[in-house]
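Quick look at what TrEMBL lists:
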{"type": "BINDING", "residues": "78-91, 295-307", "note": "NAD(+) binding site"}
{"type": "BINDING", "residues": "R98, R108, R136, D232", "note": "substrate binding site"}
{"type": "BINDING", "residues": "D232, D256, D260", "note": "Mg(2+) binding site"}
{"type": "DOMAIN", "residues": "6-367", "note": "domain 'Isopropylmalate dehydrogenase-like'"}
{"type": "SITE", "residues": "Y143", "note": "site 'Important for catalysis'"}
{"type": "SITE", "residues": "K199", "note": "site 'Important for catalysis'"}
Amino acid sequence: MSDSYSLLILPGDGIGPEVMAEVVKVIDWFGANRGMSFDIQHGLVGGSSYDAHGTPLTDETMAKAQSVDAVLLGAVGGTQYDSLDFSVKPERGLLRLRKEMDLYANLRPAQCFDALADFSSLKREVVAGLDILIVRELTSGVYFGEPRGIHSDDNNPDNEGGRVGINTQRYTSGEIRRVARSAFELARRRSNRVCSMEKANVMESGILWREEVQWVHDNEYPDVELSHMYADNGAMQLVRKPRQFDVIVTDNLFGDLLSDAAAMLTGSLGMLPSASLGAPMANGRPKALYEPVHGSAPDIAGQGKANPIACILSFAMALRYSFDQGDAAAELERAVERVLADGARTADLMGPEGGTPLSTSEMGDRIVAALSQG
Ligand code: NAI
Ligand code: MG
């Protein structure tokens, strides 16, 4: 019996369609060789959708995204859209997807491929073999909390400039519990360890965070090893001894910073995948959007220079987290590891020693060939 999965593919703008074409080769390979069947729909998002429909995301595409097992997105944006009104900018399409699908858990792996360890800003012996997963709360916290704004502070004569800027860190217990559950579920598929980061020493929302994560652990995931760490210490530990971690769960603001810092432990932007997960659907699979961390790279778009690996590894995450195909995900990650070990490099991965870089489609072909060689 074959396993059937529904996918919505949204290539987007710039290098998005170029890297997505390589992902489609990989999907076809798994369909032909691993007894999976994919029901694939295609759609537009970002500037390409604006050009065709006058909006960065149509209601029809939004409805499709809500109905499939997983959405795979390339990237949105481009200089030709810079002058558009804010309400129809390409980014609004992506933001609408994240918001209406209520994707509250943002997964950012930091995985060091041995062949690229010298790209890290840290020493090889500190990062070799690194494989951690940062789970960032994505839909609440200080980026959304009320009150917010810039106000005049007129009745405070001691305030030079007379203004005050306000943002509010606000978390409900329910928001913390649901992202904590995501982290514990993910840890069970990995090394079964979660480290929760906040600043409970100086923030009440941090105290609540720590208590609620502990509550979910004690009541629902006592088998997972849980530790707590102040986020500033977490930042130090990430660059000092990153391999001590498995899954890190943290709030929106700390997660924004920590995931970007962790990403640079492993090298190039062209290598970094991500996933955003929401609540489980009726079939038990979470609402899910997979996308590379990088943007539409207008500086290299249309030239066949883009590295497709970030987008291909995002599909590996879909195999693991939406389709429960952990073995297939690992198989794909090993194929990437192997072509890199063989010296395959797109331009962004070329060291000072130089050489001739592979094109986007050559890199995709190499990865498919490595899959076939087993
Ligand atoms: P970017 O990630 O597109 O590019 C930054 C640099 O990295 C560029 O020099 C680019 O050539 C290079 N790069 C990125 N991905 C690469 C790949 N796969 N292979 C080789 N090189 C790669 O970020 P930037 O330049 O700040 O933004 C460009 C556009 O993308 C903007 O319109 C921005 O709004 C949008 N953007 C979209 C995102 C998304 O769709 N999630 C995320 C970030 C930016
Ligand atoms: Mg960031």
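Quick reminder: no glycine exception, Cβ is built from N, Cα and C everywhere.
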Compare the Cα of D256 (Mg(2+) binding site) against each of the binding-site residues D82, F86, R136, D232 and report the nearest.
R136
Calculate the distance in Å between the alpha carbons (Cα) of D260 (Mg(2+) binding site) and R108 (substrate binding site), and round it to a whole number.
9
Contacting recorded positions, sequence order - D82, R98, R136, Y143, K199, A301 vs ligand 1, Cβ under 6 Å:
none
In angstrom units, rounded to an integer, how far apart are the Cα atoms of G78 (NAD(+) binding site) and Y143 (site 'Important for catalysis')?
24
Please work out the number of neighbouring Cβ atoms within 10 Å of the Cβ of K305 (NAD(+) binding site), leaving out its own Cβ.
19
Determine the recorded positions, out of R136, Y143, D260, lying near ligand 2 in the sense that the CB is under 6 Å from one of its atoms, and give them in sequence order.
D260
Inside 8 A of the center formed by the CB atoms of D232, D256, D260, which other residues of the chain have their CB, for the recorded Mg(2+) site?
A231, A235, L253, F254, G255, L257, L258, S259, A261
Going by DSSP, is F86 (NAD(+) binding site) sitting in a helix, a strand, or coil?
helix
Cβ-based isolation winner (fewest other Cβ atoms within 10 Å) among the binding-site residues A297, A301:
A301
Could you check which of the recorded positions (R108, R136, Y143, K199, D232) sits closest to P90 (NAD(+) binding site), going Cα to Cα?
Y143
Round to a whole number and give the Cα-to-Cα distance in Å for the pair Y143 (site 'Important for catalysis') and F86 (NAD(+) binding site).
18
Just to verify a number: CA distance, K199 (site 'Important for catalysis') to R98 (substrate binding site), in angstrom, no decimals.
26
